[in-house]
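Enquirer: Below you will find the structure I want to go over with you.
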Amino acid sequence: MSVAGDQALVGHTLDGRYVIHERIARGGMASVFRATDLRLDRVVAVKIMHADLGDADDFRQRFVAEAKAAAKLNHRHVVAVFDQGTDGDITYLVMEYVPGRTLRDVVRDTAPMSPQQALAFLDPILQALSEAHAARLIHRDVKPENVLITPAGDVKVADFGLARAVNTSTTHSGGGALIGTVSYLAPEVVLHRGADPRADVYACGAMLFEMLTGDKPHAADTPIQVAYLHVNEDVAPPSTLVPELPDYVDALVARATARDPERRSPDARALLHQVRQVRHALAAGLPDDPELAADLRPSRRPDAADEPTQQVDLTGFPLDADEHATVATRAALPEHTMAWAPAAAGVVEEEPAEEAPASRRRPRRGAVLLLAALVALAVVAFAGWYLADGRYTDAPDLTSMSREEAVSAAESAGFEVEFAPDAFDEEIPADHVISTDPEPGERVLPGTLISITISKGQERYEIPDLAGKTLDEARTVVGSLNLQIGETSEEFHEEIPEGSVIRIANHEVGEQVKRDTSLDLVISKGREPIAITDFTGKTADEAQAGLQEAGFLVNVEEQFSDEVDEGVVISQNPQGGSAFRGDTVTIVVSQGPEIIEVPDLSGMTEDEARKALEDLGLEINATRNPLAGDDPKVRFQSPSAGSERERGDTVTVFFS
């Protein structure tokens, strides 16, 4: 992906969730952007694979697989991986956003550092790599640019996206190019022999050299020349550039950067232990410690006779078309060995004794030589035993002790104590020892600093009440408690709005559960729509029973009807469709024909009688006496007053 392509991503939203802001880093495989996670309302770093690599299935698959592997790491000194996905042709990785500087910035501004400062940076880096190596992952690109330092001074190792399982191919990318930064590549990686945790150890040693001196271990004009030096030249003691450095610091760098991986610290945890030995010596103010230096310095392998010359495969390095040179490795030079013996108080030269006869001299001289040889052998044997094992002791077993008991036991045995961050443990009760570094029984020097991890007890989180919260709100709450959303199902609910949580299906509110427990949620689909049955023409009792059983409220209105029998539904509103439980349906029920009581019309004029009857819905049949005057009155009516008639019936009225 080009720079222009990177800029085109700014403002884009990945998967409808991650809003891309400015680019904060760019590498050979991917660019990193600051982004906002809309779902959890937090700032994250999104690493987007370059488009030219994303088009290749092998790169895409490796990017995804390695992201999943890196996401398994959970350590305070590792940049956390939150999510991974694809959006169209964009393959991305979502990580913890760490503001601040990189170790490269610090080295550029402050190197050469004091050994105390350099090791203070290296210690948390090795803690992070120890976690990875314990999970059978190697980083493969340890360098100052991948070490982030927060404004508070916390150190975090980033870019485990290149991490790979130890038992898989770890040297090359799919296109055959070496993976990693050449200034920190271990010789065996350059020689295409694969990588294991010792490759990360070498990179850490190279970084330590750079922090101590301000220079990279090997400098040259081209990457291939740097690679050649990694394979053919030992890293120089940093004291050649900074003379005041103690001998044991030189030895630590030599151990970590030994060209032969067999002579290197086997993994980050072992190197961390050695780093802490050196930090302890520095804290004690030791300008030199020959014993510690001898202990740290890589010893020569018994089988390390002159090795055949080796060639450096140039694959993965930028070369001109006519460059086809092979790089040969020098035969290893024999190293100096050192033995310990008490210093002599002085040398006394004896005057030559009177020469004895040969027959008497030879046996005596042979005995003396034999005795001297035996004494020398004993001294050498003792020195070897002392240097190899005699001055060591076993690290104490403090497991399951209380904090106070552990401190007392360690100090009584002559060790110093520091406390690592407390950790949860399923078996060790709170405020008791989970583990120590070095481990119980490990052979260590007296006075070694023991790092103790104290239990915080079982890691438990209380199930929250999520009822009524939207799914996004529930995700935020659950994530803040180190729990997870599991499966979701949907149900209708009369009170909780659509899209909100009704309940947790597999746990009770207030229940104490382990970290990362999955909560299965039941989500509301809103109110359940109910089909409305039309009861027009049915009896009122049928209509009321059917509608109420369906969950509706029934409003009954009555109306006279000449066509519909009494007690039968004339009409219904609404007649069909659907409504929600508790909604009202109105039915109009027939009262049958309307019965009217015939009024008393006596004494009324014709107009008055007509109006009185018509107002009641009755018809009038008026009969007038021919002999009546101008204003006749009602003299007779049929039916009589008080009689009951239906609307529209006729009343005969006689006027006279």
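Cβ atoms here come from the backbone N, Cα and C positions, even for glycine.
TrEMBL labels come from automatic prediction, so no person has curated them.
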Enquirer: Region 'Disordered' per TrEMBL sits at which of 283-311, 428-456?
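Expert: Going through 283-311, 428-456 one by one, TrEMBL gives region 'Disordered' for 283-311.
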Enquirer: Can you say which of 487-520, 623-656 is given as region 'Disordered' in TrEMBL?
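Expert: Matching range for region 'Disordered': 623-656.
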Enquirer: For the domain 'PASTA' (457-525), report the average pLDDT of the model, please.
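Expert: So the average pLDDT across the domain 'PASTA' (457-525) works out to 94.
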Enquirer: Treating G and I as helix alongside H, and B as strand alongside E, what does DSSP give for the region 'Disordered' (623-656) in helix, strand and coil?
Expert: 0 helix, 16 strand, 18 coil
